[in-house]
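Summarising the annotation, Swiss-Prot assigns active site, proton donor/acceptor to His133 and lists sequence analysis as the type of evidence. According to Swiss-Prot, the active site, proton donor annotation covers Lys137, on the basis of sequence analysis. Look at Swiss-Prot and you will find Gly10, Ser11, Ala12, Gly13, Arg14, Met15, Gly78, Thr79, Thr80, Ser102, Ser103, Asn104, Met105 tagged as NAD(+) binding site. Residues or ranges marked as (S)-2,3,4,5-tetrahydrodipicolinate binding site in Swiss-Prot (evidence: sequence analysis): His134, Gly143, Thr144.
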Amino acid sequence: MKKIKIGLMGSAGRMGQEIAGVIEANPRCELVYAPLRGEKWDSKKAQAVDVWIDFTSPEALKDILKKASETKTPVVCGTTGFSKKEKELLKTYSKKIPVLWSSNMSLGVAVLNEALKAFSAISHFDFQIEEIHHNRKKDRPSGTAITLQENLEKAVDKKLPEALAIRGGGVFGVHKIFAMSDEEVLTFEHTALNRTVFAKGSVQAAEWLVKQKPGLYQIRDVLFGKSKK
């Protein structure tokens, strides 16, 4: 069986190290290139990559997409904190190569986002999203909370209060959605127990993305197929 050759951007970070470990344990994949910041670009190694996984920074996005498009290599991007302009870059390059970007690579969160569609039946309820992360997380609310908010507002067809963001300790990630009426409270909750959940989701996304045509994809597409718009 031919292994999928993965290139990893951001391998020195916590998530990068976790992803490298997941790739090593996966019999279907192998890590062939993990360039470090400031290191000279190795075109020969880059040519061998079947799919990139990127967990770096918004500032690095343009260069990564440019290099990937030169070799027609798909990109799985789990970086968050993108500006509107940077999100447009994802769309632009997805016309040339397959690009999968999600604010959260957890398969459970993908299912949670899909489940939010059911809230359209109780759109008259009050809603609130709450998220908790470790005290080192810079963006607040988190990219995951913003995505949940966007999908929830789409489902219930109204503007909702901004997500409550709590920072403390070493929490990997807790996201709660409250739906409240005078008579009842419905709570959806997702808790990440470790970083491995995001690493496994990223590698599964990479295995899926190598078979896709150019386009902009999300982690939910790995589970449910490309949504029609």
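Think of each number as a place in line: the chain as shown, counted from 1.
For all residues, glycine too, the Cβ spot is worked out from N, Cα and C.
Note: the (S)-2,3,4,5-tetrahydrodipicolinate site is recorded as His134, Gly143, Thr144; in the same chain, Thr80, Ser103, Asn104, Glu131, His133, Lys137, Asp139, Ser142, Ala145, Gly173 also have Cβ atoms within 8 Å of that site's Cβ centroid.
In the three-state DSSP scheme, Thr144 ((S)-2,3,4,5-tetrahydrodipicolinate binding site) is classed as helix. Ala12 (NAD(+) binding site) falls within neither a helix nor a strand when secondary structure is assigned with DSSP, and so counts as coil. Annotation: Met105 carries the greatest number of neighbouring Cβ atoms among the binding-site residues Ala12, Met105 [cut-off 10 Å, Cβ to Cβ].
In space, His133 is the closest of the recorded positions His133, Gly143, Thr144 to Arg14 (NAD(+) binding site), judged by Cα positions. Listed in sequence order, Arg167, Gly168, Gly169, Gly170, Val171, Phe172 are the same-chain residues at least 6 apart in sequence whose CB falls under 8 Å from the CB of His134 ((S)-2,3,4,5-tetrahydrodipicolinate binding site). In the three-state DSSP classification, Gly78 (NAD(+) binding site) falls within coil.
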